[in-house]
Amino acid sequence: MDNNHSANHRTSGKLILAGGALGVVFGDIGTSPLYTLKTILLLSGDSPTPDVILGLLSLIIWTLILVTSVKYAIFAMRMDNNGEGGIMALMSLLVHKGKDSKWVTFSALTGAALIYGDGAITPAISVLSALEGLNIIFPEAHSFILPATVVILVTLFAIQPFGTAKIGKIFGPVMTLWFVAIAALGISGIVQYPAVLLAINPAYGVSFLLSNGFSSFLVLGGVFLCVTGAEALYADMGHFGKKPIWMAWFGLAFPALLLNYAGQSAIILAGADISQNIFFRLCPPFLQIPLVILATLATIIASQAIITGAFSMTRQAIQLGWFPRLHIKQTTAESYGQIYIGTINWLLMVVTVGLAIAFKSSENLAAAYGIAVSLTMLMTSGLLFMAMRQIWGWNLLASTLVAVSFLLIDSSFLIANLVKVMEGGYIPLMLAAIVCGVMLIWNRGVKATSRAINEKVMAVDEFFNKINRLKVPRVQGTAVFLTRSQNGVPPVMRWHVARNRALQQQVISLTIEVQNIPYVEAGRRLVLTERAPGYLQGVAHYGFMEQPHIPELLHSVPGLAVPFVPEEITWYLGHETIIALEGHGMVAWQRNCFAFMVRNSTHITNYYRLPGDQVVEIGRRVAI
């Protein structure tokens, strides 16, 4: 009886999580029917004959099966880093194995940067496509759509600082209603032309691709829009778990999408006017206004998921040392994933609103959409190949067969999307290049700075013998010296003694070490080692999904001869001014960019939540 109750409880818990996943994970891919088939028909230029429509629908069906269901749901989601997914988590997992780390890092960073690029387009194209449904109801509403889109987007970004935890509770139910609605609309369309179901046969898709040579192949650029957002299944795995996401995808989202695309195709074959938005033509006239409202809500939720994902990925990049420190605000105490990063929010808003104004319609924006995601998927396939070999231990033949299959599909979509470069596709690529450049320069600059600071390492014994010989007084109090390196005495500690001719009775050198796992157990958080009388060397371990809170860490440290009194701790930090290193330093423009990022990044006092009135900074010029 108890076992049955426990099993029922677990099942109901997974169903609740599956409902939550519908509101976060599937917003982007779930709103793709608003514009995908419309874009494909525009690219095709063919008359909507049964062979053409069945061929296009077959390509959509098999793209959803092979890319979303097989590649992401079945393969990628099994490559978790202690439960976390996404390209950054996969990078951490593979780098931890220590093989081909440079290639792994480059691929993952490029893929992550590309997600930012297309992430700026998603809110604009989604909201525009939803509001364009008004054109069918009120043809005179055309001039109202763009201003309304801008208002919705600005409002969406403006509420981010206040958090979305409370309204987030309705995301799952709204998206559940959305998927049920698009499934019902699809069924109503299929009834009008049941033969559309023949498109499940992949021969129709292959026949279409072979019919007109390369021009038919280019239609894949539009077909690809049906899987934009597929990477969210993997990226959001840590929030909901594998099984709830699988339940949500295979239980509702996937069937609903198949039915809706089939329904849209069916009414075209039944004679619907393809000059209008086919998605909204599925709906009876008396339900079109409610459908526009529901579609707008769904696209807002999809946009919110993109914004939240950008915040989460930025935090991971900061923690792993690939992005400048930015102020991260926890918007609710209940959920660690509810964060806000102002710099990312406002930059995304400017780009997203700018794109909506510049392109004016979802049809125009579709030309810029997809190329960055197709590149990201290509990078992910390469990383999955390495994961099959290094993590699963598959043999070369099996790994190659699976990876080559994925790479062929991804390469086909990428080539088809390349024609979009001059039509607007350069925008997400340019944004991705900027983000990737920032990450590479920051990481290189941090490493160069650390090397310069730690050039002359003084051993602990040598340092304390020296201060004892010079009779440096030990004054009352506790000093904590933050340092990047665990080798020898922290440079900032040497500078402190050299300038102030004194040292506190109790001293700790503290290194913050972010590991290639999402979370670190509380018992392994802080490791302290006594290296000399009154001197402790500490290492604070954090996962890449965690935000360090250093004072809280030292509140209760067991086994100390003299317990830490937080109000009596003085925190010592190094303040580096970047200057040029003659000879073999960083390239001048990279060094200047790095120095600019250092000056404008969140101060380490705020980032680690140190009490500002207990912090002492010691300045030094560092040549890199």
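The chain as shown is numbered from 1 upward.
Cβ coordinates come from backbone N, Cα and C, glycine included.
TrEMBL annotations: computationally assigned, not manually curated.
Sequence annotations record features per position, and here TrEMBL assigns domain 'K+ potassium transporter integral membrane' to 20-465.
According to TrEMBL, the feature domain 'K+ potassium transporter C-terminal' maps to 477-624.
As annotated by TrEMBL, transmembrane segment applies to 12-32 (among others).
Sequence annotations record features per position, and here TrEMBL assigns transmembrane segment to 52-74 (among others).
Per TrEMBL, the feature transmembrane segment maps to 103-121 (among others).
The annotation transmembrane segment is assigned in TrEMBL to 141-159 (among others).
For the transmembrane segment (171-193), the residues of the chain that approach it from at least six positions outside its boundaries are 19-24, 26-27, 30-31, 33, 252-253, 255-267, 269-270, 282-283, 291, 294-295, 297-298, 301, 304, judged by C-beta separation under 8 angstroms. Positions annotated as transmembrane segment by TrEMBL: 171-193 (among others).
For 213-234 (among others), the entry in TrEMBL reads transmembrane segment. Here the transmembrane segment (213-234) has Cβ contacts under 8 Å with residues 24-30, 32-33, 35-36, 39-40, 42-45, 56, 59-60, 63-64, 67-68, 71-73, 76-77, 85-87, 115, 118, 122, 245, 249, 257, 261, 302, 305, 309, 366, 369-370, 373-374, 376-377, 380, 412-413, 415-417, 419-420 of the same chain, all six or more residues outside its ends.
TrEMBL lists 246-269 (among others) with the feature transmembrane segment.
As annotated by TrEMBL, transmembrane segment applies to 289-311 (among others).
For 339-359 (among others), the entry in TrEMBL reads transmembrane segment. Within the same chain, residues 119-121, 123-124, 127-128, 146, 149-150, 153-154, 157, 160-161, 163, 307, 310-312, 314-315, 326-331, 365, 367-368, 424, 427, 431, 547 sit at least 6 positions outside the transmembrane segment (339-359) and bring their C-beta atoms closer than 8 Å to a C-beta of that stretch.
The feature transmembrane segment is assigned by TrEMBL to 365-387 (among others). Here the transmembrane segment (365-387) has long-range neighbours at 35, 39, 42, 67, 71, 75-76, 79, 87, 90-91, 93-94, 99-100, 104, 107-108, 110-111, 114-115, 117-118, 121-122, 124-125, 128, 221-222, 224-225, 228, 230-231, 234, 355-356, 359, 399-400, 402-403, 406-407, 410-411, 413-414, 417-418, 420-421, 423-425, 427-429, 432, meaning same-chain residues at least 6 beyond its ends whose C-beta is under 8 angstroms from one of its own.
Under 8 Å from some Cβ of the transmembrane segment (394-419) lie the Cβ atoms of residues 66-67, 71, 75, 217-221, 223-224, 370-371, 374-375, 377-378, 381-382, 384-385, 388, 425, all in the same chain and six or more residues away from its ends. Among the features that TrEMBL reports, transmembrane segment is placed at 394-419 (among others).
Long-range neighbours of the transmembrane segment (425-442) within the same chain, counting only residues 6 or more positions beyond its ends whose Cβ lies under 8 Å from a Cβ of the stretch, are 109-110, 112-114, 116-118, 120-121, 317, 321-324, 351, 355, 367-372, 375, 417-418, 590, 593-594, 597. The transmembrane segment annotation in TrEMBL covers 425-442 (among others).
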Two-stretch contact, the transmembrane segment (12-32) and the transmembrane segment (103-121), at least three Cβ pairs under 8 Å: no
Three-state composition of the domain 'K+ potassium transporter C-terminal' (477-624), taking helix and strand from DSSP: 40 helix, 55 strand, 53 coil
Remote residues contacting the transmembrane segment (246-269) - C-beta distance under 8 A, at least 6 residues beyond either end: 14-15, 18-19, 21-22, 25-26, 29-30, 32-33, 36-37, 41, 48, 50, 53-54, 56-57, 60-61, 64, 68-69, 73, 77, 176, 179-180, 182-183, 185-197, 199, 226, 233, 278-279, 281-282
Non-local residues, at least 6 beyond the ends, that sit with Cβ under 8 Å of the transmembrane segment (52-74): 29, 36-37, 40-41, 44, 46, 196, 198-205, 207-209, 211, 219-220, 223-224, 226-227, 230-231, 233-234, 245-246, 249-250, 254, 257-258, 261-262, 265, 268-269, 377, 381, 384, 406, 409
Same-chain residues near the transmembrane segment (103-121), Cβ under 8 Å, at least 6 residues beyond its ends: 87-88, 90-91, 94-95, 228, 231, 306, 309-310, 313, 317, 322, 348, 351-352, 355, 365, 368-373, 375-376, 379-380, 382-383, 386, 427-433, 435-436, 439-440
